[in-house]
Protein chains: 4
Amino acid sequence: MSHDLPVSTITDHTQLKQESPSQNVIVQLLKLYYKDGWVSGTGGGISIRKNGFVYMAPSGVHKECIDPEEIFVLDEEGKIVYDPSKRESKLPVRPVKLSACSPLFTLCYKHRNAGAVMHSHHMSTLLATLIFPEKEFKITHVEMIKGIRGHGYHSTLVVPIIDNVAEECDLKDSMEEAVLAYPNTYAVLVRRHGVYIWGKDWLECKTHSEVYHYLFDAAVKMKQLGFDPSTY
Amino acid sequence: MSHDLPVSTITDHTQLKQESPSQNVIVQLLKLYYKDGWVSGTGGGISIRKNGFVYMAPSGVHKECIDPEEIFVLDEEGKIVYDPSKRESKLPVRPVKLSACSPLFTLCYKHRNAGAVMHSHHMSTLLATLIFPEKEFKITHVEMIKGIRGHGYHSTLVVPIIDNVAEECDLKDSMEEAVLAYPNTYAVLVRRHGVYIWGKDWLECKTHSEVYHYLFDAAVKMKQLGFDPSTY
Amino acid sequence: MSHDLPVSTITDHTQLKQESPSQNVIVQLLKLYYKDGWVSGTGGGISIRKNGFVYMAPSGVHKECIDPEEIFVLDEEGKIVYDPSKRESKLPVRPVKLSACSPLFTLCYKHRNAGAVMHSHHMSTLLATLIFPEKEFKITHVEMIKGIRGHGYHSTLVVPIIDNVAEECDLKDSMEEAVLAYPNTYAVLVRRHGVYIWGKDWLECKTHSEVYHYLFDAAVKMKQLGFDPSTY
Amino acid sequence: MSHDLPVSTITDHTQLKQESPSQNVIVQLLKLYYKDGWVSGTGGGISIRKNGFVYMAPSGVHKECIDPEEIFVLDEEGKIVYDPSKRESKLPVRPVKLSACSPLFTLCYKHRNAGAVMHSHHMSTLLATLIFPEKEFKITHVEMIKGIRGHGYHSTLVVPIIDNVAEECDLKDSMEEAVLAYPNTYAVLVRRHGVYIWGKDWLECKTHSEVYHYLFDAAVKMKQLGFDPSTY
């Protein structure tokens with residue numbers, strides 16, 4: 001089976017279908033996530049795994065301005081199958097690089113059978129890691145918790161928080177530990193940095209992303225109003 | 001009289017007219033409500049009743065990405081007249097399901113002669129139910145209160161708050177009780193969950209939705225600034 | 001001189017020019033102001049005076065969904081020159097009504113030679129009238145104050161606050177008094193309600209609207225952080 | 001080498017490329033920055049230097065409504081090469097003026113070899129200068145700090161704050177002093193006013209702008225939650 005080829009007719013994320021080419025999904029979701037403040041200043045990103053291939057947005061570029069042709073394609077061993085910086089094009093080709101998040105995305109594919117992983121720096125993720133100084137973010141008795149697979153309204157949703165480090169790739173060991181230690185989480189928070197969120201495919205990853213961001217924001221606002229999000 | 005058939009020329013909610021096909025109204029309002037943070041993470045929804053038919057957005061899908069062909073049509077007894085998951089199509093058909101909110105929407109049609117009902121998880125609805133720990137949300141002397149049918153600037157607007165439960169369908173009894181006990185309300189808040197809002201047609205439902213969300217948000221912000229929204 | 005006829009080629013407020021037909025300006029600014037939360041739930045509005053005619057958005061309708069053909073045209077004595085509810089049209093005609101704000105807009109035309117007046121219910125206007133319980137909103141030493149005609153960085157910008165009443169038309173006397181008593185203001189706040197803002201033409205009215213909303217919001221946020229906006 | 005001529009086919013900032021004509025870059029970024037609340041009420045602006053020419057948005061006009069033909073072009077000595085108010089056009093020509101920020105933009109070109117400079121009045125810039133009453137804004141141990149050239153996660157990012165004055169052009173001396181005294185900053189805050197931000201080209205200026213605004217906002221929110229952004 002060969003990897004996806006992007007098509008040019010998708011102009012808005014609401015036109016995406018489950019089966020849309022992965023490059024188009026990545027490009028349109030990044031535009032949406034830029035508007036939402038989840039990716040900005042070249043930070044944040046998204047990756048999809050489908051049919052034995054892994055698709056990754058390039059690093060260090062404005063995430064809302066990526067062309068479908070600029071998405072890296074890797075096989076499941078991490079070998080680059082399509083390198084956008086070496087493509088032939090009539091237009092100038094930007095020297096895009098593979099993301100330093102790459103090994104972190106791979107962790108979720110390997111240990112949790114994820115179909116898509118996203119990385120956000122949204123303000124609510126930063127603040128959520130400050131109001132929970134211990135190693136876990138916790139929230140309970142909020143309806144939206146149901147939106148995370150395996151959770152109900154009465155569940156206490158727990159998200160592990162790992163410490164940040166100078167280089168993103170050095171998060172690998174502590175993130176791997178968290179991913180293995182918390183089999184019910186679909187997110188890992190990074191203190192004073194952001195969050196990694198995944199799902200079984202890009203649609204579940206999108207649902208999870210919306211729900212987790214809502215819950216991080218809810219926890220901060222509850223705290224400001226004098227309520228403890230972790231108890232009922 | 002037969003049920004509406006959607007047309008494809010509406011690309012924006014500002015192009016909608018009172019008489020627009022109900023499927024198009026639902027699709028465009030969901031896109032708008034997604035932008036506003038009223039529906040997200042597959043949560044929230046909207047339903048319209050017109051000419052003896054009830055139109056309902058499907059469940060468990062990204063609400064801003066629904067096609068007009070994916071809207072369920074029921075008769076007033078709740079029998080499915082058009083099931084989008086069984087439609088013929090050249091494109092792949094998603095196995096969409098009828099919403100678990102369905103009996104809650106029906107309550108408002110039955111007891112209050114509503115023409116449209118919406119369900120929102122917006123952050124302001126969650127917080128409004130926290131700052132009012134008793135069974136009623138109350139606000140008075142705010143101009144926007146006039147936007148709710150039967151209310152004036154000097155009115156105290158009361159919205160009943162019912163307790164949340166594990167399964168949405170199990171809200172039916174307590175919501176029915178609230179709908180009957182508060183004949184002047186066009187909304188029922190669900191603690192730590194969200195709100196149901198209705199109106200005599202989709203236009204009034206939209207007005208009421210904007211006004212109630214404004215008032216929930218105002219109450220939270222007033223509280224944060226040290227003002228009691230329920231007194232003057 | 002005859003009144004403007006709307007043209008159909010303006011699709012976005014950024015395409016407007018000073019000389020654009022007044023109906024198009026009103027329609028596009030209302031879409032923008034809806035996005036900004038300045039008009040919602042059928043509340044708020046805008047009016048323009050040009051070449052001896054007054055153009056007014058209709059009342060009680062969703063302000064972001066108005067067609068250029070639905071804008072009332074009056075002469076300067078307040079006589080209706082064009083009544084959109086009586087126009088001929090192949091499409092159904094909504095029974096739109098003249099706004100109850102009409103006499104309040106007229107005040108600004110009469111006493112202050114305004115070319116455009118807008119009315120907003122934005123949350124910041126409501127909160128600004130709460131944090132200033134006396135009859136004046138005051139802010140000083142904020143750069144954006146320069147954006148209001150006749151004001152500099154060191155000015156204390158004063159906006160009179162009048163009390164709200166049950167019926168909008170009954171604001172006329174107190175607003176007239178405020179407009180005459182404060183010759184340097186281009187805005188009148190209405191307690192627990194909103195604001196009226198004007199300028200010599202629609203472009204200055206738009207500038208003033210953006211600046212006043214910024215300053216109301218700044219004052220609320222300064223207060224929350226422990227700063228007094230009215231002193232330096 | 002001659003200066004850029006704008007092209008008309010760019011309709012959205014996400015279509016911009018590094019090599020896009022500078023006028024188009026300015027026009028599209030201003031639309032984006034208006035949506036973000038960075039420029040409003042005719043305040044704020046942006047300038048680009050490329051191939052020996054300096055491109056500047058005009059002053060005192062609505063920044064999201066500028067045409068590519070209305071961008072001033074200067075040579076590096078500050079002589080106007082293209083004056084939009086004197087251009088030939090079939091359409092009416094607005095009497096646009098060169099921005100009073102012009103000497104401040106020029107400072108960054110001269111002393112810091114900037115390729116683009118922007119000026120924002122965003123609420124977060126105003127508040128950031130209030131919560132840091134001394135002459136420096138400081139934040140440390142936040143991942144997004146990495147987005148500013150030469151900074152890492154463990155860096156303390158310092159932004160000098162200069163006092164505001166009645167006339168923008170009179171900021172020149174104190175800004176020049178700050179620019180020279182802080183060789184590692186790519187931003188200068190102006191107390192109770194806003195910020196100037198630059199980068200080696202418009203892409204880096206955009207990255208820096210997004211990162212600095214994120215950090216100003218983060219500092220205000222951290223402070224509100226009881227955390228000191230300048231220590232760890």
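The backbone N, Cα and C atoms fix where each Cβ goes, glycine too.
Since the structure is predicted, the reported quantities are computational estimates derived from the model, not experimental observations.
Record check, TrEMBL: Zn(2+) site residues include C:His119, C:His121, and the candidate from C:His62, C:His193, C:His208, C:His213 also listed there is C:His193.
Residues from the set of recorded positions C:Cys101, C:His119, C:His121, C:Glu143 situated with their C-beta under 8 Å of a chain B C-beta: C:His121. Among the recorded positions C:Cys101, C:His119, C:His121, C:Glu143, C:His193, the ones whose Cβ sits under 8 Å from a Cβ of chain D are, in sequence order, C:Glu143.
Counting only same-chain residues at least 6 apart in sequence, those with a Cβ under 8 Å from the Cβ of C:Cys101 (substrate binding site) are C:Gly45, C:Ser47, C:Ser59, C:His119, C:Glu168, C:Tyr196. Annotation for C:His193 (Zn(2+) binding site): spatial neighbours C:His121, C:Thr125, C:Leu126, C:Thr129, C:Asn164, criterion Cβ-Cβ under 8 Å with sequence separation of six or more. A count of other CB atoms within 10 A of each Cβ picks out C:His119 as the most crowded of the binding-site residues C:His119, C:His121.
Per-residue pLDDT, averaged over the domain 'Class II aldolase/adducin N-terminal' (C:24-220), rounds to 95. According to DSSP, C:Cys101 (substrate binding site) is assigned to coil rather than to any helix or strand. In the three-state DSSP scheme, C:His119 (Zn(2+) binding site) falls into the strand class. According to its DSSP assignment, C:His193 (Zn(2+) binding site) is coil.
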